[in-house]
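A.B. asks: The structure follows.
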Amino acid sequence: MNIFDRKINFDALLKFSHITPSTQQHLKKVYASFALCMFVAAAGAYVHVVTRFIQAGLLSALGSLGLMIWLMATPHSHETEQKRLGLLAGFAFLTGVGLGPALDLCIAINPSILPTAFMGTAMIFTCFTLSALYARRRSYLFLGGILMSAMSLMVLSSLGNLFFGSIWLFQANLYVGLVVMCGFVLFDTQLIIEKAENGDKDYIWHCVDLFSDFVTLFRKLMMILAMNEKDKKKEKK
């Protein structure tokens, strides 16, 4: 029998038997909200880079933080669902605006960095998400303590680098941060599943976790590509 004549059963590939139907429905809502966030964040980035109508700065950062706190403080219920979706969209929009300065920098160095960084982030995020979904339940939850410790060390090294000004430490922080965020995609995805299995159906807040992971991954990969491109240009001179 020719192996090329075999039919691929895509239904079997997308079947997560270890996840209950109610949690699968919850995940659909989470990723639908995530798609909404991506679209709105792209609009926010467009507003900063192209129209300049709203500029990234202290006000946009405080606005993003304020909307996230407001969203967190608003209880999840059917009555507050539309309000919280509006807060989520506002948070995503201002997050996109906040990416503006990094986008401007990359465009100045080489505009092709942006699609490369986005496609790379999308591939990384998708691969690690599928790994978490197909893996045995709770198999990646042990990463929580390790990831938080790594984040603490990264924050301390970043603060220390304000005084030392080491480019090597800055680059190391970017690469380590990229690896840590990949771990957070695994951890957060499985944590969302466990929360849903235990009755926490707040898909809007769960979306915030994944959206924040994606944006941080994108920012770090974008900066790594920008630095590499800048180094290449220096070598050519």
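Cβ coordinates come from backbone N, Cα and C, glycine included.
Just lifted these from Swiss-Prot, have a look:
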CROSSLNK  Lys7  ubiquitin cross-link
INTRAMEM  207-227  intramembrane segment
TOPO_DOM  1-29  topological domain 'Cytoplasmic'
TOPO_DOM  74-86  topological domain 'Cytoplasmic'
TOPO_DOM  108-112  topological domain 'Lumenal'
TOPO_DOM  134-139  topological domain 'Cytoplasmic'
TOPO_DOM  161-166  topological domain 'Lumenal'
TOPO_DOM  188-206  topological domain 'Cytoplasmic'
TOPO_DOM  228-237  topological domain 'Cytoplasmic'
TRANSMEM  30-50  transmembrane segment
TRANSMEM  53-73  transmembrane segment
TRANSMEM  87-107  transmembrane segment
TRANSMEM  113-133  transmembrane segment
TRANSMEM  140-160  transmembrane segment
TRANSMEM  167-187  transmembrane segment
A.B. asks: In terms of Cβ proximity under 8 Å, which residues at least six beyond the ends of the topological domain 'Lumenal' (108-112) contact it?
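C.D. replies: Counting only partners 6 or more residues beyond its ends, the topological domain 'Lumenal' (108-112) has Cβ contacts under 8 Å with 226, 229-230, 233.
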A.B. asks: Thinking of Cβ pairs under 8 Å, which stretch from 53-73, 113-133, 140-160, 167-187 has the most of them with the transmembrane segment (87-107)?
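C.D. replies: Checked against 53-73, 113-133, 140-160, 167-187; highest Cβ contact count belongs to 53-73.
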A.B. asks: Could you give the number of helix, strand and coil residues in the topological domain 'Cytoplasmic' (188-206) as assigned by DSSP?
C.D. replies: 14 helix, 0 strand, 5 coil
A.B. asks: If we skip the immediate neighbours and take only residues 6+ beyond the ends of the topological domain 'Cytoplasmic' (74-86), which ones have a Cβ under 8 Å from one of its Cβ atoms?
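C.D. replies: Distal contacts: 33, 36, 201-202, 204-205.
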